[in-house]
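Participant: This is the structure I have questions about; it appears just below.
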Amino acid sequence: MSCIAVEAVLLGILLYIPIVLSDDRAPIPSNSAQLNSWFDGIIQPVAVRKATMDPALVTAEGQTKVIKLKSDGSGDFKSINEAIKSIPDDNTKRVILSLAPGNYSEKVKIGMYKHYITFYGEDPNNMPILVFGGTAAEYGTVDSATLIVESNYFSAVNLKIVNSAPRPDGKRVGAQAAALRISGDKASFYNVKIYGFQDTLCDDKGKHFYKDCYIEGTVDFIFGSGKSIFLNTELHAVPGDQPAIITAQARKTDSEDTGYYFVNCRVTGGGAFLGRSWMPAAKVVFAYTEMVDAIHPEGWILVKPEHESTVRFSEYNNKGPGANMEKRAKFVKRLSDAEAKQSISLGSIEASKWLLPPRVVGLP
């Protein structure tokens, strides 16, 4: 057989071999009306995607355990903390805490070895509320959170997380109070509402995904070193005497693969800045986001003058009166179409390997 014939046969074989592409590289649509259909097409159930997902996650999703909890203590355990204690370290299966409506007045910490845990609110129209009033004065800032998650593959669906401590007045030392700290890798949040004032959400480290969420606060109310996408999420700056600051991303150098991406979100509330350069190479992107006129024209704040050449604050095709770029600070980058296409996708958090649709628990 000639070389040409061999090449033809090989080419024919290759044409019939199915090629699995990384579909999480598809750009997030600019039209919010298309988000759900786009998302459902890419992030399909684990049964369809076993070949491309983390093997340990596939195994965990194949052996699910459901724990039912009620706020009056009449569920399978008296409290969320008791239920968490029942889960062994190095857990290898998905454990779902199915939460009935009500107030769960607890400070909850999920240790770094308790993987594959889901908090699931049974009624999206009457969501369970996890509430506590810890402050930095008592616990330290990052440990003041009502919910602390240090393990991997955590997920929350239909949940309110509240830090009920009073608003800092600038006089009380240690008044900042977090509602949620997420320090584990590969975590997802669907229809989760997070309430606080200063330091509401510590998006600490790891890859995270937020969809259809609500986050409110005052100063630095989303902060940390995570690499996270916020999709169709409302960021509410609580009005007050001083302007709010939405983000304080903690990237120190360009070698760190971290950053916050807000895509198809909404910025509401009182006067606010989109972020400040808490660390020299802070990286934050806002794209396709609706911004009210309460956004200060400069948009962003430098903590130190030398940060001007090192921060990575970017905007792309935002809308609304607060999105006007005419008076934006000169260190803010307006992304090109090519740059936006490269960075505004689920591929930035390797979603094809771990991100799953929101869990729907069918209970008898």
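Just so it is clear, glycine is given a Cβ too, placed from its N, Cα and C backbone atoms.
The annotation signal peptide is assigned in Swiss-Prot to 1-22. The N-linked glycosylation site annotation in Swiss-Prot covers Asn103. Swiss-Prot lists Asp220 with the feature active site, giving sequence analysis as the kind of evidence.
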Participant: Enter the number of other CB atoms within 10 angstroms of the CB of the residue listed as 'active site'.
Facilitator: 23
Participant: Using the alpha carbons only, what distance in Å do you get between Asn103 (N-linked glycosylation site) and Asp220 (active site) once rounded?
Facilitator: 26
Participant: Looking only at DSSP and grouping its letters into three states, which state does Asp220 (active site) belong to?
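Facilitator: SS state of Asp220 (active site) = coil.
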